[in-house]
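Colleague: The structure under discussion is supplied below as structure tokens; questions concerning it will follow.
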């Protein structure tokens, strides 16, 4: 057990945290093994390194193992001797990878990261602008370091002339200098403590926010220096470390030249300039020359540390910028992403894949050649153990000669040794799966067809990589966790992912179809065997309708068993499939035409009822059957399969006639350009649909004569069968093949108004072909961009969620989210049953009668969600990752079911990464399009009423109505909804009702299907009065704020309000309609928005419910809706939209029109006592949706616009915000038909809410308005609560995924994500500590990740560590028995309490055994 999992990384030093901080000159010298004095590298004749040069063996160690440079000492026995001739220590050559050197710089040099990485730390520390610091550094001006008694100020800049003048005036009473020395002196002189006190005072007193912010920034920086133990002068270097030579190698290439790492060039420049400066100083050279040399030294060091950060990058001989130290670690090719987060591994190979239709689901075909190479070590050892070879050398020889015995041994070695197959890009965890290899001839890997969907593989030349798990533990994990048979369900949605596609579907569809009058119709068979015999002998046709006697046992999901007996009507093909159907599934699943959806249902049902193993067997059998019968069917595609409908020409002529009329109307100015375009588009899409429909009619029916009479039957047309079964192709593609191609889009998404009337069978004309290239090219360009964008989104998601792991069973919260069905456009898109499946209840579910149906804490499975449905429950509270109280992780209860395993999630599951993959993986399927509404492409018919689709009752929500003079109820509220619930009280429909709609029915009335519950004018939004009175128009001045328009056609005259930008003068006028009573007292004032058309004149009398003005909706409709991938990215990045909706920050009454400025309008919100609580300034062009004097609640919309998620969270709370993100993100995916479980989106949202802003610091050390990790605040509050002090008050802050990733607690994780330089600069100044909690940090340092099996091992290791501490045992001491335990050396008290005779080793082994058991295989 000694070399088991617990002893991984045996020789790596044990460490728990990594700290990064500034290095002092002493520290750099302590790393170093000697000073590099010369720029020489190696002697080009002897190829030996020059002494004191960049590759010096004396400093860095010998070139050959255990051999000094001059050759005096060779062999291991001299180890550790220092040769007196050449000064080289006899050691292993690999010390050249770890020994560092140093360069003593003649003058100090500023580290460019702390100067140029924004915000400039040196500039901020000294409170100087970066420009000034640079002037001093690069010797352009002097800086006063000590003014003495002179009137000069400290840190004042002086030009050469001013300096000379000052010297003349004050002599040597003051000190001023230039260069890094000056900066270093200033940094060292700063008294941090007194500066902090001054700044704190300034923060409290300062009135201006800008000053305050700057002071706070400086204060933070100074405090970090104070706390971290870093000295500010260390940002200026006096000693430069030199990288070990093997990390910047110099390799000879043919032709006597050398290829070298760029770093050597950069170091050479530094050494050259340093040495030259030393000489110049020794010679007492003129100041100007020394100054120039110092500047060049500074520039050389800058280039070495971060080339190109300042000025032009230093280039090599080939005009390419040299790669500096900073470039080595950042970017995709840098150390982090190239070598640490992903490495190339041994025991792997890659090859092209081909299809393996005869494999079983857990197998893959591995070419013999490849297998032999991959399993070589295993084969060698087997050859020796079997006595075929005595030495490894002999075994090697046998393998090279490929003797017969080698192949036999390879077979035994491979037996039950799983291999991993991986297809790039690996977008989700199903991109790597384990298979048992089967040896095959040839050179291509064979892949099982059913796993293609998971790998997204096809056989058009795709390649896959094979990896061999070596250790027993890794083989165990591959078999138990990664075997393809254990990955039947997709972790994103919980639906089967091994469902048959394409040929298989076609074959199954073909044999389950029925044909009228086929041979053997109407016969009765007693069993499957009979049918099979009859079919094989050719007496019955495969499509014949027959009767079959069955007698089966069927299980349902609840575990009940019942018998299925009797004679059923079926067809021969379906009866033949009966053999495949496992015991326990009903024959009714097969007794229908099997299209793709139905086959998916069978697999799903099998998994629910019979479990994984039976499902795998069933899937395999279905696949074999599907392939067999699709081959036998002979379905193929010919030109004649595409039937062109007879009435196509007539329909097109008709359309052209209509278009002619419309063009004439346009030419005689009866309709606008926009209307003309929309009408033409409408006509073409209608025609195109009609032609398509008649084509489908023609292709889907066949006329056959049965016994002399003609009968219409479903067609056996190949193209039709492929599309119908879901094997390949779609209605849309068929329409283009045989109907008409229809309208084509331009790259911006609008439609080209000339439709393509031809189809592919007839062929396109040149013009038609040209029209269609436009959109097609856009499609190809989009696809290329989309892949990159989707990959980047996935990377950001993974990075933000990587450290989220389930770490405990239950956090004990009763918080959660309210879930109900998702309703869009009045239709239930996702029923509650689907959303609730696999979630844990946060509160009891109570029926209408008050009976507790399900208790809180119940995990809802399929049977329980049905129970919810049966009892008509339409809203439940479920626990969610967003509200989980576990710190630095999640609890299993809040997450609920592991979708791929169908039971509660295991502790240790890395749910964050799974969530990120589930959201990112379908990214490539999402469009890049922004949708234009308004164009006919998505116009449809404008909705102007609501008809009910369910019988039941209606209920009003937030609706206020008034009755007008015709006795109609008019809606005067804005965000009203009508809810339709069925007889059981379940919500079936939800409709938003616009202002001004007429509602014929009262709340609570019963409705039947098809009843109209609301009507409105679709073209204009009316402004309605709820009081009666006389009209007074204010600020409605013709020619200034309004204009008369005269309609030629109807002869009507209207008054329309003009926009502010069109007015030349009087910009502060606000057109208003006031309604007054007889005495002239104002009852109501209605502000008029831009574009409003007045319905009333001055002094006219209004009744309740009358329309004052209408706002035409034409203009507002043509906004682009961002859709697809950009929308998902926008949501997760939490971007603030342009012109977002303004929400009310508090409850109160709205007061408008007070103290408006020239460009802005002011909204005031006043409380009950008339005090102003909040003020909001808005541009006058923004249209308000509230009236003067209206009561609003916190979070109500004051001005229309897209939702800003930040405001939503702030004013409406966590739940509303979570709901918004869930529904918005899901609607994008739903449009593409992608199913993603809500919990994945919630998991990411949790990571976006990691920070909180402090409202009241209480008795803590935090600063008000500071934003800090939520975990830190909660931990601080725990401490304060224990001590009985005042706790911190905070509110959650939303951060986009990129910002959230960069502001994690772990600097390693952030640095390996983006902006490496900035992250490392900040971390080192803070002396930041990385606790190595996340997955990424552990991958970086090469440890088991703290998730899955790694978490269990980690917990056990922690236990053992604790035991060892209690026993006072050294790390590396393992006792074989207690007798060797020397009580004199170790304090014996602690062990007395332990079982004295128990062997410690046994304890360790036992805890390891527990660890493996707790993995719950």
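Here the Cβ of each residue, glycine as well, is placed from N, Cα and C on the backbone.
If you look up Swiss-Prot, you'll see 68, 70, 83, 86 marked as Zn(2+) 1 binding site, on the strength of sequence analysis. Residues annotated as Mg(2+) binding site in Swiss-Prot, with sequence analysis given as evidence: 458, 460, 462. Annotation source Swiss-Prot lists Zn(2+) 2 binding site at 811, 884, 891, 894.
Show me how these features fit into the structure around them.
Modeller: Long-range Cβ neighbours of residue 68 (Zn(2+) 1 binding site) (same chain, at least 6 residues apart, Cβ-Cβ under 8 Å): 57, 62, 74, 81, 83, 85, 86, 88, 89, 90.
Cβ-based neighbour count (10 Å, all protein chains) for residue 458 (Mg(2+) binding site) stands at 11.
In sequence order, 811, 813, 890, 891, 894, 895, 1246 constitute the residues six or more apart from residue 884 (Zn(2+) 2 binding site) in its chain with CB-CB distances below 8 Å.
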Colleague: Cβ within 8 Å of the Mg(2+) site centroid (458, 460, 462 excluded): which residues?
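Modeller: Other same-chain residues with Cβ inside the cutoff are 353, 457, 459, 461.
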Colleague: Here are the binding-site residues: 70, 86. Which has the lowest count of other Cβ atoms within 10 Å?
Modeller: 70
Colleague: According to DSSP, which kind of secondary structure is residue 894 (Zn(2+) 2 binding site) found in, if we only use helix, strand and coil?
Modeller: helix
Colleague: Between residue 462 (Mg(2+) binding site) and residue 70 (Zn(2+) 1 binding site), how far is it from one CA atom to the other, in Å?
Modeller: 55
Colleague: Work through the binding-site residues one by one (83, 894) and point out the residue whose CB has the fewest other CB atoms within 10 angstroms.
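Modeller: Each of the binding-site residues 83, 894 was scored; lowest Cβ tally within 10 Å is 83.
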Colleague: Across all chains shown, how many C-beta atoms besides its own are within 10 angstroms of the C-beta of residue 460 (Mg(2+) binding site)?
Modeller: 5
Colleague: Within 10 Å of each Cβ, count the other Cβ atoms and name the one among the binding-site residues 811, 891 with the highest count.
Modeller: 891
Colleague: Rounded to a whole number, how many Å is the Cα of residue 70 (Zn(2+) 1 binding site) away from the Cα of residue 460 (Mg(2+) binding site)?
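Modeller: Residue 460 (Mg(2+) binding site) has its Cα 60 Å from the Cα of residue 70 (Zn(2+) 1 binding site).
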Colleague: Around the Zn(2+) 2 site formed by 811, 884, 891, 894, which additional residues qualify by having Cβ within 8 Å of the site's Cβ center?
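Modeller: Neighbours within 8 Å of the Cβ centroid, excluding 811, 884, 891, 894: 808, 810, 813, 879, 881, 883, 885, 886, 890, 892, 893, 895.
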Colleague: Name them in sequence order: residues not among 68, 70, 83, 86 whose Cβ is within 8 Å of the mean position of the Cβ atoms defining the Zn(2+) 1 site.
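Modeller: Checked against the 8 Å cutoff, the neighbours are 57, 69, 71, 72, 73, 84, 85, 87, 88.
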Colleague: Under DSSP, is residue 460 (Mg(2+) binding site) helix, strand or coil?
Modeller: coil
